[in-house]
């Protein structure tokens, strides 16, 4: 993809983000500008062409061998192995290396493959010797619970997924490109089976494929991310060194339409950097893409707040380059390669995830090829900045003033905020102490009033009257009763 740098800033024609074959999907530098679908077609064509050339070479060598054999009568009995057998053996070895997803779902091939695999490797199957990590167990449980809602279709998907993981366990010696091809074939085959046989709606197919990707890549991550057989780590170190060497690049040089003096914009920039750094902590390609998407949306929000209008593509790419330079994400190339190799290809070909990922690839390519002309600098200044002899930031510091330095302005603003917070805290503490004193005084006053009342009106407890009723007693004071009620004594 060609990147153009003009005085008004970095510009990328949006058509250059698309597949160069003209299919309408997003292309990728790792696929030589093709989309996933077209790249696979071109790759298979080149592969078939190479196989055909090897076949023709083998036939030519066989003819030469036969001619030499016919001309040499003395060596007829000594030669026990003809070149045809050698050719057959070579062809069988090539055929064995061709891995397609049909091998994973064909019953006959599974039986034969398992026998050969058992003989070649004695390691236990990952379905038996499962990883015990908490994350893997959690993802497995979530995947099983998710498939339960699909009943018979879910059982078939789970069976196919387990077979795929078992097959991949014995294919770790293959190159990372061949393992990637196996994974992409598996994605494509499962999606086609659900759409044709299962009659599953496209939106549900997408959700199922997301869960399948999450399940299998969580298990395969430590084997296929930045493997030792590739130069991914070397590329990571190279891009990190390159970004550190470009630490002097300012937003003005890239024509970044973002004003970090605005607090909301500064927060968005920090969030964007955090998101793109967080990408390395994710294990699933879809989750890594989600970090790129969140980073990009924060960039668009920062531009929108600064310009008070929606951001354009010409505004987005320079800002993304600036975020990458400022954040220097860890293992950037490894993450890009991992997403390219093992993400569900439909995500990279269409949608906002594919668009943002393609722009990130463009940003990395721009950083790798960045020169004086790209930044509208003279070659002399560019060389001085790269060598560390001087820096544009040093030149700005010569005319330093508190109002001109963004960092110092932010520092004074923060100090003012701290001073205000300190005053508020002192007021709150004084009011809290006053409230505490009032509560103590109120409690003491209530206690004193209660004590005064108790002393003034003491509580006396008297024993109950134990006297019995004396109605028939002679000691009753009858004289106090009215005459009709006075008892009369009769002589008996």
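Residue numbering: from 1, along the chain as shown.
Glycine too: its Cβ is placed from the backbone N, Cα and C atoms.
Remember, predicted model here, so these are calculated numbers, not experimental data.
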Q. Of 66-85, 86-105, which span is tagged region 'Disordered' by Swiss-Prot?
A. 66-85
Q) Looking at 408-449, 450-491, which one is coiled coil according to Swiss-Prot? A) 408-449
Q | zinc finger according to Swiss-Prot, located in which of 13-47, 118-152 | A | 13-47
Q. Is residue 152 (N6-acetyllysine) helix, strand or coil when read with DSSP?
A. helix
Q: Work through the modified residues one by one (133, 152, 391) and name whichever has its CA nearest to the CA of residue 171 (N6-acetyllysine).
A: 133
Q: Count up the helix, strand and coil residues in the domain 'VPS9' (233-376) according to DSSP, in that order.
A: 112 helix, 0 strand, 32 coil
Q.
Which one is it, among the modified residues 133, 152, 391, that lies nearest to residue 374 (phosphoserine) by Cα separation?
A. 391
Q: Ten-angstrom check, please: count other Cβ atoms within 10 Å of the Cβ of residue 391 (phosphoserine), all chains counted.
A: 14
Q) Minimum Cβ neighbour count within 10 Å among the modified residues 133, 374: which residue? A) 133
(Q) Check the DSSP secondary structure of residue 391 (phosphoserine), expressed as helix, strand or coil. (A) coil
Q) Out of 152, 171, which of the modified residues has the smallest number of neighbouring Cβ atoms within 10 Å? A) 152
